[in-house]
C-alpha cells in the first residue's frame, strides 16, 4: 500500500517544488532581474548539478554520439530549454504565477495538434477518444483566450492573514499594470508551443539515443551558451548579472535544482513506474498550489476571467488525457501493430530508460523515453 502511494507523493512534491520556483522567480523578476539573465543562470547551474550524475551513471553506457544525434541535441536545447524557458519567464514577468501555471496546462492540447503532421497522433474523429481529444483541445484554447482577453470583475475571497513584507514591497514597486497585459499570456502560450516542439524532437532522438542524464546535461550545457548569448544582447549592464541580491540568487539556484535537476530525476522515476499519462495528470495540482500561495503570500487578485478560463483549461486538459489514455488502452497482442497503424502513438515503455539502482530498485517495467523537463 505504501509503495503504491509513493509515485503520487513524489509527484505532489514535484508540484510543490514548481510552485516555489514560480513564486521565487516572480519575486526576482519584480525586483528587476532580467528574465533572460535568470534563464542563463538557471541553465548554467542545472548543467553543474546534472553533469555529475551523467558522469557517475552513464560514463560507460552512453550510446555513440552521431552527427544526427548531435543536431537533434542542438534542436532539443533550442526548443526545450532556451526558447521554452525564455518565453516562459518573460510571460511570468508580465503576468502572475497563477495565470502562467493555468496556461501551462495548454501543453497536452498543443502537443496533440503539433504531433498530427508528424504522424505521432491521429484525430480519430469517429471514435469517442478522438472526439474527446478534439473537444478538449478546443476547450483548452477557449479557456486560454478567455484568460488573455477578458478580465471581468474582481472575486472577493477576502484577505490572507499571512503577510510577507518583502513580497509586498516588490508588488508595490512593480505596480505598473503589467499583470493584466496581454503580453504575459501570449508569451506563456508560445513557450508551450516551443515545449511541444521539444517533445516531438526528443521522441525521435530517444529511439536511438537513450541516456537521460547525459542528454539533459548536454542539452543544458548547449542551452547555457545560447541563453548567455541572448542575455548579453538584451542586457548590457554588468550589474544586471549580479547575484548579490538574495532573492536573485535563491531564484536561480532554486529553479535549477528543483525546476530542472531534481524534478527531472523524480519524474523519470515516476514515468518508469506509472507512465507519462500519470505524470501529466498532476499538472493542474500546480495551478491550485500556486493560486493559494499567490493569494496568501503575493496578495494576488482573482478575477472572473482568470477563474473561468483556468477551469476550462483544466477540463479540456483532462478530456485530452482521457482520450489519449483510452487510445493507449488497447487489447494485449495488438499494442504494437495497432500503434503503427494509427500513426505511431507513443506508449509507456517506448525507448527504454534504465535509471540508477539507487533510484529504481528491481524495476518490473521498462521506463519511458519521453522525459518531461519542466519550465
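Glycine is treated like the rest: Cβ placed from N, Cα and C.
The domain 'EamA' feature in TrEMBL is assigned to 11-148 (among others).
The transmembrane segment annotation in TrEMBL covers 35-57 (among others).
Residues 25, 29, 35-36, 38-39, 42-43, 63, 100, 183, 187-188, 190-191, 194-195, 197-198, 201-202, 204-205, 208-209, 215, 218-223, 226-227, 230, 373, 375 of the same chain lie 6 or more positions beyond the ends of the transmembrane segment (69-90) yet place their CB under 8 Å from a CB of it. The transmembrane segment annotation in TrEMBL covers 69-90 (among others).
If you look up TrEMBL, you'll see 102-120 (among others) marked as transmembrane segment. Only residues 6 or more beyond the boundaries of the transmembrane segment (102-120), in the same chain, are considered here, and those with a CB under 8 A from a CB of the stretch are 91, 133, 136-137, 140-141, 143-144, 147, 185, 188-189, 192-193, 195-197, 199-200, 203, 280, 283-284, 286-287, 306, 309-310, 313-314, 316-317, 320-321, 324, 343-346, 375.
Here TrEMBL flags 132-150 (among others) as transmembrane segment. Residues 99, 102-103, 105-106, 108-109, 112-113, 121, 123-125, 182, 185-186, 189, 304-306, 308-313, 315-324, 326 of the same chain lie 6+ residues outside the transmembrane segment (132-150) yet bring a C-beta within less than 8 angstroms of a C-beta in it.
Cβ atoms under 8 Å from those of the transmembrane segment (182-201) belong to residues 72, 75-76, 79-80, 83-88, 90-96, 99-100, 103-104, 106-107, 110-111, 114-115, 118, 120, 144, 147-149, 370, 373, 375 of the same chain, restricted to positions at least 6 beyond its ends. Marked as transmembrane segment by TrEMBL: 182-201 (among others).
According to TrEMBL, the feature domain 'EamA' maps to 183-321 (among others). For the domain 'EamA' (183-321), DSSP puts the residue distribution at 116 helix, 2 strand, 21 coil.
Residues or ranges marked as transmembrane segment by TrEMBL: 213-232 (among others). Proximity of distant same-chain residues to the transmembrane segment (213-232), defined by a Cβ-Cβ separation under 8 Å and at least 6 residues beyond the stretch ends, is recorded for 34, 36-37, 39-40, 43-44, 46-47, 50-51, 53-54, 57-58, 62, 73-74, 76-78, 80-82, 85-86, 205, 241, 260, 264, 371, 373.
Residues or ranges marked as transmembrane segment by TrEMBL: 247-270 (among others).
TrEMBL lists 277-297 (among others) with the feature transmembrane segment. For the transmembrane segment (277-297), the residues of the chain that approach it from at least six positions outside its boundaries are 7, 11-12, 14-16, 18-19, 22-23, 96-98, 101-102, 104-105, 107-108, 157, 160, 162, 164, 167, 267, 270-271, 310, 314, 317-318, 321, 324-325, 328, 348, 372, judged by C-beta separation under 8 angstroms.
Taken from TrEMBL, the feature transmembrane segment covers 303-321 (among others).
Each residue in the domain 'EamA' (11-148) gets a DSSP state, and the totals come to 109 helix, 0 strand, 29 coil.
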